[in-house]
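Worksheet for the structure shown next.
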Amino acid sequence: MLLGVNIDHIAVLRQARMVNDPDLLEAAFIAAKYGDQITLHVREDRRHAQDFDLENIINFCKSPINLECALNDEILNLALKLKPHRVTLVPEKREELTTEGGLCLNHVKLKQSIEKLQNVNIEVSLFINPSLEDIEKSQILKAEFIELHTGHYANLHNALFSNISHTAFALKELDQDKKTLQTQFEKELQNLKLCAKKGTKLGLKVAAGHGLNYKNVKPIVKIKEICELNIGQSIVARSVFTGLQNAILEMKELIKR
């Protein structure tokens, strides 16, 4: 299984002080050496990664670059100019802390944007909710890749197997008894398995990501149809204590098949 290392949260740390440290390019070199792919989300408001980050990483890193971006003309034109290995189209809201759900596949610009990217040999992935309907739509749209949103799975795992319910970060919708949470967790995991199988059957390459960490990744690794995981925040958080190289290698060991 391949690991895409999302380095957005290195940029978060840099932007917190609006200085040039930590150096995102240095992080990209480490991610390229020990991971399989660099994933970077250039948001419309540029709150984390900047255009020059993407350009530098594409110019100087040998690793495949997976650009996450919304259906935004300015950023799509940047992608067409710089030509990352892949573009993963994601939904985006200005007020969100992180990507909250899968892409709306009925967006009028979506098909046209996919074709433009593919015409310059950029692979296209769609970040989607794990639903059979969205997988079928992705195949109709002729995307090469889908990335299944694992956020709900991750939230359920956290509610079941951590102390988050006793903290300010608890989710109100998951304020339920353990038996109910366990049932929902098993249902969501089974749904991810069915979606991965469906995607593969339709000829799509299947990735997964969002909220995955060192505690919850193992059940996802067992879904053989998923060929790649894109993981960022948990790796960067671990790197504060272990260093980025060790944090990546630790995750690589966990996802080894």
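Every residue number used here counts from 1 along the chain in the order it is shown.
Even glycines carry a Cβ here, placed using N, Cα and C.
The active site, proton acceptor annotation in Swiss-Prot covers HIS41, GLU68. According to Swiss-Prot, the active site, proton donor annotation covers HIS210. Residues annotated as 3-amino-2-oxopropyl phosphate binding site in Swiss-Prot, with sequence analysis given as evidence: ASN6, ARG17, GLY211, GLY232, GLN233. As annotated by Swiss-Prot, 1-deoxy-D-xylulose 5-phosphate binding site applies to ASP8, HIS9, ARG43, HIS48, THR98, with the evidence given as sequence analysis. The feature site 'Transition state stabilizer' is assigned by Swiss-Prot to GLU147.
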Within 10 Å of GLN233 (3-amino-2-oxopropyl phosphate binding site) by C-alpha distance: pick out those among the recorded positions ASP8, HIS9, HIS41, and say none if nothing qualifies.
ASP8, HIS9
Distance check against HIS41 (active site, proton acceptor) for the recorded positions ASP8, HIS48, GLU68, HIS210, keeping those with Cα within 10 Å:
ASP8, HIS48, GLU68
From the binding-site residues ASN6, HIS9, ARG17, HIS48, pick the residue whose C-alpha lies nearest to the C-alpha of the residue listed as 'active site, proton donor'.
ASN6
Within 10 Å of HIS9 (1-deoxy-D-xylulose 5-phosphate binding site), Cα to Cα, which of the recorded positions ARG17, GLU68, GLU147, GLY211, GLY232 are there?
GLY232
Using a 10 Å cut-off on Cβ-Cβ distances across all protein chains shown, tell me which of the recorded positions (ASP8, GLU68, GLU147) has the largest neighbour count.
GLU147
Of the recorded positions ARG17, GLU68, GLU147, GLY211, which sits closest to ASP8 (1-deoxy-D-xylulose 5-phosphate binding site) by Cα distance?
GLU68
Of all C-alpha pairs drawn from the 3-amino-2-oxopropyl phosphate-binding set ASN6, ARG17, GLY211, GLY232, GLN233, the farthest apart lie at a distance in Å of 25
Which one, from the recorded positions ARG17, HIS210, has the smallest tally of other C-beta atoms lying within 10 Å of its C-beta?
ARG17
Spatially, which candidate from the recorded positions ARG43, HIS48, GLU68, GLU147 is nearest to GLY211 (3-amino-2-oxopropyl phosphate binding site), comparing Cα atoms?
GLU147
By Cβ count within 10 Å, point out the most packed of the recorded positions listed: HIS9, HIS41, ARG43, HIS48.
HIS41
Counting every protein chain shown, other Cβ atoms within 10 Å of the Cβ of ASN6 (3-amino-2-oxopropyl phosphate binding site) number 25
On the three-state reduction of DSSP, what should I expect for ARG17 (3-amino-2-oxopropyl phosphate binding site)?
helix
